[in-house]
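What follows is a set of notes on a single structure, which appears directly below.
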Amino acid sequence: MVGVDLAAGGAQEPGSGPRRVPPQENRQRWGSLFDQLDTNQDGRVDINELREGLARMGMNVGSHAEQDILNEGDTDHDGQLDFEEFARYLQDRERKLLLMFHSLDRNHDGHIDVTEIQQTFHRLGVYISLQQAEKILHSIDKDGTMTIDWNEWRDHFILNPLENMEEVLHYWKHSTVLDIGECLTVPDEFSEKEKKTGMWWKQLIAGAMAGAVSRTGTAPLDRLKVFMQVHASKTNSMNVWGGLQGMVQEGGIRSLWRGNGINVLKIAPESAIKFMAYEQIKRAIRGQQETLRVQERFVAGSLAGATAQTIIYPMEVLKTRLTLRKTGQYSGVADCARKILRKEGVRAFYKGYFPNILGIIPYAGIDLAVYETLKNTWLQKHSKKNTADPGILVLLACGTMSSTCGQIASYPLALVRTRMQAQATIEGGPQPTMLALFRHILSREGPLGLYRGITPNFMKVIPAVSISYVVYENMKQVLGVTSR
């Protein structure tokens, strides 16, 4: 781990297990760590010092870890840890880590190798490749021996309050669920135990709640994006501030959230359908042998996304119509659906479907490929001095960059889709096909015309990701999801 060296007391002979360390040697090592956390040198560590110290040392231990450490170690309940409380906490922590180390060290040679990591995942119902196991090993292996000894294992997890191997597996395996309102990302994978215990649906609920709050928080920018996609042109120049002002003048402040209700409503069915479709497609591709490689995850994720989009697509059309509606045009979702059905027929609910499905391929493919490339590059660069989890800031940076690249590639298709969905809002207007719309935009506005509204779309990424992450972590705590 960055900034921490706890390996002074725990050297091993090759082929031996962890040796018994003299108590004084342990206390010296714990004292060194305590001094690094106790920044004001008052002999006590409070929750702020814990939070800042863990971040400063590069210990990526997840949300609320400092509170967990304080709750467990603070025996006199004064809201702080003195050295004796801290030492007792670490002593108990090392006993738990030693049990986990032995459960991984299948041949009892004092070292964990890549095969033992793979076997542990398999035993817990999650199949990973040797390459995936190697990435985990590299992130803990400081001395380049291609094995993990007790010192490396202990130092890596000493201040990470994971309780058992299932939680360690979850820590290694799961990425953060971040919803930026596009909902085209590859679904998460769950172990058999997580499926049987119901942990998977709790995680999906946490993700859905995060998406709902995130989309609501950035709804004005999303509505502005749709307005600019449909109405902005060379002759009707619309900037961000002017567009927001125009919407407020037409319908008041509340009008900035038009269309958000159904945008939130479609999260749950889309997530559930995508998850179930992804599980079935994954089995068809790889059976039960192991998790998917990056290319296979792209194929499975794209197909799962296409399946979900096909089923919930009428809600996408309703969202666009409700977003663009004028004051008093529709009384609600049901009224909007009735009027579309009466005036335009069933086919209207699938206008823009083809460019929407086509857009999944470049978005999901580029988003996933860029995300995996950036994350793996970071892991390889820092494998000798950091943890298996790159940390939320790195994941946010990778996610933001990959999402931006995916949006740039797929945005013209998204714009054409939105214009096709909105065609009937212009009375007597033409009803061109996808290719005709592309030709029309290019001839009238040039290539830049295909990117109308992309500015507010980019503006919402960082706040959406940040809101989504905070809500997701807090919802996992409320629902009792064990991942840290």
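Here the Cβ of each residue, glycine as well, is placed from N, Cα and C on the backbone.
Residues or ranges marked as domain 'EF-hand' in TrEMBL: 25-60 (among others).
Residues annotated as domain 'EF-hand' in TrEMBL: 92-127 (among others). A mean pLDDT of 82 is what the model gives for the domain 'EF-hand' (92-127).
Marked as domain 'EF-hand' by TrEMBL: 128-163 (among others).
The region 'Disordered' annotation in TrEMBL covers 1-26.
Marked as repeat 'Solcar' by TrEMBL: 198-284 (among others).
Residues or ranges marked as repeat 'Solcar' by TrEMBL: 292-377 (among others).
Taken from TrEMBL, the feature repeat 'Solcar' applies to 390-478 (among others). Counting residues per DSSP class in helix, strand and coil order gives 74 helix, 0 strand, 15 coil for the repeat 'Solcar' (390-478).
Applying DSSP to the domain 'EF-hand' (25-60) sorts its residues as follows: 23 helix, 3 strand, 10 coil. Using DSSP to sort the residues of the repeat 'Solcar' (292-377) gives these counts of helix, strand and coil: 73 helix, 0 strand, 13 coil.
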